[in-house]
Amino acid sequence: MRLTIIGTGYVGIVSAACFSEFGHVVTCVDIDANRIAEYNAGHVPIFEPGLGDLINRNVKGDRLSFTTDLAEGVKDAEAVFIAVGTPSRRGDGHADLSYVFAAVRDLAKLVPEGCVIVNKSTVPVGTASEVEAILAEVVPGKTVHVVSNPEFLREGSAIEDFLRPDRVVVGVSSESARKVMAEIYRPLFLRETPILFTDCRTAEVIKYAANAFLSVKIAFINEIADLCETVGADVKGVAKGIGMDRRIGNKFLNPGPGYGGSCFPKDTLALLRTAEQANAKLRIVQATVDANDDRKKEMARRVIAACGGSVEGKTIGILGLTFKPNTDDMRDAPSLVVIPELQKAGAKVRAYDPEGRPAAEKMLPDVEFVSNAYQAVEDAAAVVLLTEWNEFRALNLDRVRGLLRNPLFIDLRNVYEPEDMARAGFHYISIGRSPAGPKEAVARPAAVTAA
Ligand code: UDX
């Protein structure tokens with residue numbers, strides 16, 4: 001089939017590469033000429049494992065191409081996917097739909113009769129109806145079908161998520177659109193991936209409800225972790241024990257410094273705004289957003305407490321800056337709260353991240369960025385592991401201990417085991433487990449006492 005993707009950001013480029021891998025002929029259109037030039041020169045301006053190879057293979061196979069020319073890009077399209085950004089609108093947290101609506105206005109006259117326009121961007125409930133209204137105004141009488149097909153990709157494993165999803169959700173309002181979408185996703189259907197057809201509003205709510213539910217799970221286990229610390233239980237065991245109940249499931253129960261990234265913070269806020277407008281109460285989502293905001297600050301208080309109540313003039317070594325591993329994305333990363341809080345308390349921060357440095361340099365002033373984990377910990381009063389990159393899972397612990405001024409290791413991702421770290425000579429503080437190492441040198445985490 002001939003497909004067009006509008007917008008070559010994260011979701012757009014991953015979708016385009018994967019649809020072409022299915023065998024469809026895909027044209028990507030973007031107004032950013034630099035970005036299109038980069039793709040045409042074989043460069044991938046986004047860090048995502050496996051994406052470069054997938055693009056190159058399909059470009060060589062003549063199934064994937066890039067252009068800034070919208071008219072050319074959509075003229076034969078059977079379906080046009082809109083994958084432009086929907087950032088949080090400044091001030092009110094609503095999703096900003098101006099890019100989506102501008103794209104629809106631009107392409108309405110250019111698409112062929114009978115074309116399917118698919119919202120792949122994360123858009124609030126009712127957006128498909130608004131797109132239909134724009135089409136009725138710009139091209140009255142023309143048959144164009146509007147579909148809502150939300151994306152559930154995780155950064156760092158987006159290709160795998162696209163090619164082997166748990167399910168595909170498609171909101172349609174006509175039988176012909178349903179047929180086109182079934183044909184597009186036929187390769188997945190052959191692999192027995194369930195494809196759930198709904199109406200557009202239901203599909204739109206599914207996307208936000210899924211992200212909100214996952215956020216709730218994380219905020220929940222983070223609070224259970226705090227409880228475990230006070231009562232002397234082990235949150236890893238608790239997560240395992242509850243996760244074995246299939247009604248709960250074992251995923252997204254890793255406690256940490258709070259969720260970040262391009263989706264959960266933005267989408268939970270947008271969902272709250274939608275609920276407000278609809279006069280519906282989403283108290284659990286509101287509590288999740290509040291708990292997650294607090295948590296990031298709480299992590300800085302915890303580091304300060306572990307350092308004996310003050311970090312004034314001390315160097316703190318930070319391992320990991322991105323919101324999670326295998327991405328260079330810094331959006332809403334816990335590091336953006338934890339590091340400024342430590343700096344406010346007088347700490348000097350030295351940091352290392354395998355991929356996040358270019359973005360982090362623009363967002364985190366007065367941090368000394370270094371090029372490996374060992375440089376980050378040299379002469380530091382403590383090391384704080386903030387993002388669980390694989391290369392931090394097998395550090396040379398003797399070397400780390402030897403380089404640190406104090407052997408204080410604060411692991412906000414539970415990468416290591418308390419007994420191993422005590423044996424390696426560290427005062428080790430992690431999440432939801434009792435501190436390990438010589439007790440007198442370890443202050444209780446601030447979470448226990450903070451209001
Ligand atoms: C998420 C959704 O998973 C995806 O379906 C949606 O399309 C976009 O948002 P992403 O933001 O890429 O994907 O990352 P994800 O792996 O879900 O992690 C989000 C945040 O939650 C990260 O900050 C991560 O560290 C945190 N997290 C995740 C936890 O703290 N604990 C967990 O158990 C899982």
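Glycine is treated like the rest: Cβ placed from N, Cα and C.
Under the heading NAD(+) binding site, TrEMBL lists ASP30, ARG35, THR86, THR122, GLU155, LYS266, ARG331. In sequence order, THR86, ALA95, PRO150, GLU151, LYS207, TYR208, CYS263, LYS266, ASP267, ALA270 are the residues near THR122 (NAD(+) binding site), counting only same-chain partners six or more apart with C-beta under 8 A.
According to TrEMBL, the substrate binding site annotation covers PHE152, LEU153, ARG154, GLU155, LYS207, PHE252, LEU253, ASN254, PRO255, GLY256, GLY260, LYS324. Around the Cβ of LEU253 (substrate binding site), 21 further Cβ atoms fall within 10 Å across all displayed protein chains.
Classification of CYS263 (active site, nucleophile) by DSSP places it in coil, neither helical nor stranded. Annotation source TrEMBL lists active site, nucleophile at CYS263.
If you look up TrEMBL, you'll see 317-418 marked as domain 'UDP-glucose/GDP-mannose dehydrogenase C-terminal'.
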**Complete:** Judged by other C-beta atoms within 10 Å of its C-beta, the most isolated of the binding-site residues ARG35, ARG154, LYS207, LYS266, ARG331 is ARG154
**Request:** Taking a cut-off of under 6 Å between Cβ and any atom of ligand 1, tell me which of the binding-site residues THR122, PHE152, ARG154, GLU155, GLY260 pass.
**Result:** PHE152, ARG154, GLU155, GLY260
**Item:** Rounded Cα-Cα span from PRO255 (substrate binding site) to ASP30 (NAD(+) binding site), Å
**Value:** 38
**Request:** May I ask which residues of the same chain, at least 6 positions away in sequence, place their Cβ under 8 angstroms from the Cβ of PRO255 (substrate binding site)?
**Result:** ILE218, ILE221, ASN222, ILE224, ALA225, VAL235, ALA239, ASN414, ILE431, GLY432
**Asked** What are the DSSP helix, strand and coil residue counts for the domain 'UDP-glucose/GDP-mannose dehydrogenase C-terminal' (317-418)?
**Response** 33 helix, 19 strand, 50 coil
**Cβ neighbours of THR86 (NAD(+) binding site) where a neighbour is any other Cβ within 10 Å** = 23
**Item:** Helix, strand or coil at PHE152 (substrate binding site) [DSSP, three-state]
**Value:** coil
**Asked** If one looks at the chain holding PHE152 (substrate binding site), which residues at least 6 apart in sequence have a CB under 8 angstroms from its CB?
**Response** ASP161, PRO165, ASP166, VAL169, LYS207, ALA210
